[in-house]
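Novice: Sharing a structure below in structure tokens format, with a few things to ask.
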Amino acid sequence: MNYKTVDVILERALLGDDISPQEGVVLLTQTDSGAIASIRATADKLRQQQAGDTVTYVINRNINFTNICEQHCSFCAFRRDDGDADAYWLDWAGIREKSHDAVQRGATEICMQGGLHPQAQIDGKSLPYYLKLVETIKQEYPQIHLHAFSPQEVQFIARVDGLEYVDVISALQNAGVNSLPGTAAEVLDDEVRRILCPEKINTATWLEIIGTAHKVGLHTTSTILSGHIETPEQKIGHLEKLRSLQQTAINHKYPARITEFIVLPFVGQEAPKSLRRRVGRDQPILADALLLGAVARIYLGNWIPNHQPSWVKLGLAGATEALTWGCNDIGGTLMEEHITTMAGAVGGTCMEVATLQNAIASIGRPYQQRDTLYHKVDAAKKLANTVMSNG
């Protein structure tokens with residue numbers, strides 16, 4: 001593909017136009033270093049226009065409440081069967097302890113997800129168990145933002161209890177869930193999903209659950225798991241579905257929408273052998289993740305202005321570099337993260353705030369703490385949170 005075509009696409013993007021799926025594929029398949037440099041520069045300029053120069057971060061904690069799961073996704077090294085030596089399931093005291101620790105350390109957000117544990121029920125029902133998870137945290141820490149339960153978990157609860165998705169989402173929201181993680185998306189293409197995660201929800205169900213959350217006023221994030229068996233066309237198809245979903249939320253004036261987009265590069269080190277062989281490497285290729293991040297900024301930025309790399313997947317140096325390829329946020333402190341780390345990632349499981357701040361400062365950009373919904377967290381709010389947690 002010649003420079004002229006790439007330049008024309010990038011010029012249109014800089015004028016504020018949405019690029020087409022075909023144009024997205026053109027950008028994503030560039031191998032010429034000059035063309036890639038132009039894509040990076042355009043993404044960086046759009047990031048500046050759409051999200052500003054300040055790089056944000058969030059103080060949060062991950063709670064993966066169980067690794068027992070009925071599914072067998074081909075990329076997952078986290079799941080265990082009930083009875084495995086290293087299977088675990090946190091009790092209520094464990095949930096409270098981790099929540100207390102998070103708040104003491106200044107967290108404004110708890111991100112909670114877990115395996116699909118068939119025994120995670122109260123009186124033979126799934127939803128009451130999940131509601132108790134929420135209430136266990138919210139009764140003690142009503143001020144914490146609870147970012148919890150993927151579309152896959154929503155579908156699991158609905159299936160087990162014979163409920164509609166909207167009823168599950170509304171019940172979780174009423175109990176205190178503040179936003180839904182847009183995980184379990186992997187690649188929104190059923191051909192890929194049949195190989196990667198055949199037991200998981202299909203593309204239409206993922207889109208339906210996220211769209212339903214927006215309708216009832218629950219914000220969500222969005223993600224892509226990239227760098228395994230998917231094609232450039234399938235990656236762009238994924239971005240197109242997300243853009244369309246966000247356009248629907250905005251055009252229909254739904255009370256909530258997608259707050260951010262995160263590229264999650266595939267980590268294969270501990271993945272099952274069949275997928276490792278097929279992918280042919282254990283760690284993400286940084287250049288591929290950076291290019292996808294840049295194209296995602298160009299493709300989605302008019303509609304989803306906040307873009308985040310994964311320091312867990314890429315390491316902090318890789319994530320910092322992504323801030324010059326279209327990203328405006330460096331994510332959270334996490335405090336612990338089991339799923340990616342068990343897959344063999346090199347990024348680690350916890351970041352101190354100062355470490356994130358120093359990484360941002362190293363590229364000459366200002367930094368700012370934010371909350372889950374990208375509001376600035378100021379000193380007064382931090383103080384109020386600490387007082388409430390010590391009260």
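Glycine is no exception: its Cβ is also placed from the backbone N, Cα and C atoms.
Note that the structure is a prediction, hence the values are computed from the model and not measured.
This is the feature table in Swiss-Prot:
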type	residues	note
BINDING	Cys69, Cys73, Cys76	[4Fe-4S] cluster binding site
DOMAIN	55-302	domain 'Radical SAM core'
Novice: Please work out the number of neighbouring Cβ atoms within 10 Å of the Cβ of Cys69 ([4Fe-4S] cluster binding site), leaving out its own Cβ.
Specialist: 22
Novice: I'm checking region-level scores; what's the whole-number mean pLDDT for the domain 'Radical SAM core' (55-302)?
Specialist: 94
Novice: Long-range same-chain neighbours of Cys73 ([4Fe-4S] cluster binding site), Cβ under 8 Å, sequence gap at least 6?
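Specialist: Expected: Arg79, Leu196, Cys197, Glu199, Lys200.
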Novice: Tell me whether Cys73 ([4Fe-4S] cluster binding site) sits in a helix, a strand or coil according to DSSP.
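Specialist: Reduced to three states, the DSSP call for Cys73 ([4Fe-4S] cluster binding site) is coil.
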